[in-house]
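Working notes, structure below.
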Amino acid sequence: MDTMITTPLILILITCGANSQTVKPDTASESDQPTWSNPLFTYPEGCTLDKLSKVNASQLRCPRIFDDENRGLIAYPTSIRSLSVGNDLGEIHTQGNHIHKVLYRTICSTGFFGGQTIEKALVEMKLSTKEAGAYDTTTAAALYFPAPRCQWYTDNVQNDLIFYYTTQKSVLRDPYTRDFLDSDFIGGKCTKSPCQTHWSNVVWMGDAGIPACDSSQEIKAHLFVDKISNRVVKATSYGHHPWGLHRACMIEFCGKQWIRTDLGDLISVEYNSGAEILSFPKCEDKTMGMRGNLDDFAYLDDLVKASESREECLEAHAEIISTNSVTPYLLSKFRSPHPGINDVYAMHKGSIYHGMCMTVAVDEVSKDRTTYRAHRATSFTKWERPFGDEWEGFHGLHGNNTTIIPDLEKYVAQYKTSMMEPMSIKSVPHPSILAFYNETDLSGISIRKLDSFDLQSLHWSFWPTISALGGIPLVLLLAVAACCCWSGRPPTPSAPQSIPMYHLANRS
């Protein structure tokens, strides 16, 4: 069910030192999970309601194509020799030649009256690896058909010449096993030159190629270890996808111990004084070597699918924000395709819930879709539903008697339209409000921060109370003072109402 994604072989050399204690990584929970597989489905386990929080639509986040965050991890500087990162692949190619053994045949048929028919044919001649180096060879430019040998009134008179000639052919050389790798070889590889090919008349011969364990091409990288569990998580290099180490094991090669990654790559660690020594279980098999040439295309295919899934998720996020509603189908786009600790989402009664929980790869779903079997599990388990009912689960999973899984339902011709039913999203209230009010009584309630502006507002909000308590005595005091001031002032004579005209006349 799982599609393993592989990349060309790398050699990772970590410079860190010697003398220290041994720490066994905790691999009980995540080491059994396929790191770079794309399972049919992933689902949270042990993700209870107390691990979830309500979030707004803007807080949703699409899963990353690769988990490139290193929070809570210790980084070990490393040097990596990678066949996939370097631009120059000339060092891993071995120059050689195809040795051909071909019979050049001219056929002549002569009639009674002297008429002739000339035919030419190439015949494969079986060539063994031992014979390939025993004869002198020529070049393809020097090949020719022999002159016809004709006899009167005789058909099919043959004249043959056998040639050994070479054509240039370079092949890959596995730097670990030193095997020659090419699709021309039987089984795709050859241990020692000369090598038999799929054609009975062609043998490949080449030089020794690159030496085993060669580390001439190196790049800078890091190895990451979890601070709490001391579990080696991954190795990364700029511009390259992370190499998973969840299922890493120890293997002996070139006279020393190596860490073999999930994809079969090898890591050699040299510890500094006082550094913690990382310990892994021994590999059950001794398999080492480069994967086939098609693996690069398989990885690119997985990368394209992951990019398409992320684009679909971003479009779903935009629709959720613009409509302020969510459907089980849209929420399913936020499911991480890889097992491990991931963001998980659920929808319930107008709210979207988010948590960071362990998700497992689902290898098999029962026919009625009510149970599933996790990766490497032997029994089936019911889907966890965090809200205590039998309807809503994680990432759009819903249904009572029939469980609807949008990621699987989309492949059904007559799909259930319940995964398209929208749910309006309520705004997330302040947690302090929820401590005193029910969700139905939240209208008109707000929480503000207590800053300088609010302190000033608080002061003025108490002014009516202060006025009520001290205003009346103050008014009485002002009235008494006014009366006292008025009584001690001398009287002012009243002015005449008019001036008679004759008074003015007498003064003249």
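Including glycine, each Cβ sits where the backbone N, Cα and C put it.
Here's what Swiss-Prot has on this protein:
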{"type": "CARBOHYD", "residues": "ASN56", "note": "N-linked glycosylation site"}
{"type": "CARBOHYD", "residues": "ASN400", "note": "N-linked glycosylation site"}
{"type": "CARBOHYD", "residues": "ASN401", "note": "N-linked glycosylation site"}
{"type": "CARBOHYD", "residues": "ASN438", "note": "N-linked glycosylation site"}
{"type": "SIGNAL", "residues": "1-20", "note": "signal peptide"}
{"type": "TOPO_DOM", "residues": "21-461", "note": "topological domain 'Virion surface'"}
{"type": "TOPO_DOM", "residues": "483-508", "note": "topological domain 'Intravirion'"}
{"type": "TRANSMEM", "residues": "462-482", "note": "transmembrane segment"}
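ASN400 (N-linked glycosylation site) sits 27 Å from ASN56 (N-linked glycosylation site), taking the C-alpha atoms as the reference points. Working note on the glycosylation sites ASN56, ASN400: by count of other C-beta atoms within 10 Å of each C-beta, ASN56 ranks first. The two recorded residues, ASN56 (N-linked glycosylation site) and ASN401 (N-linked glycosylation site), have Cα atoms 30 Å apart. Listed in sequence order, the residues of the same chain lying 6 or more apart from ASN401 (N-linked glycosylation site) and placing their CB within less than 8 Å of its CB: none are present.
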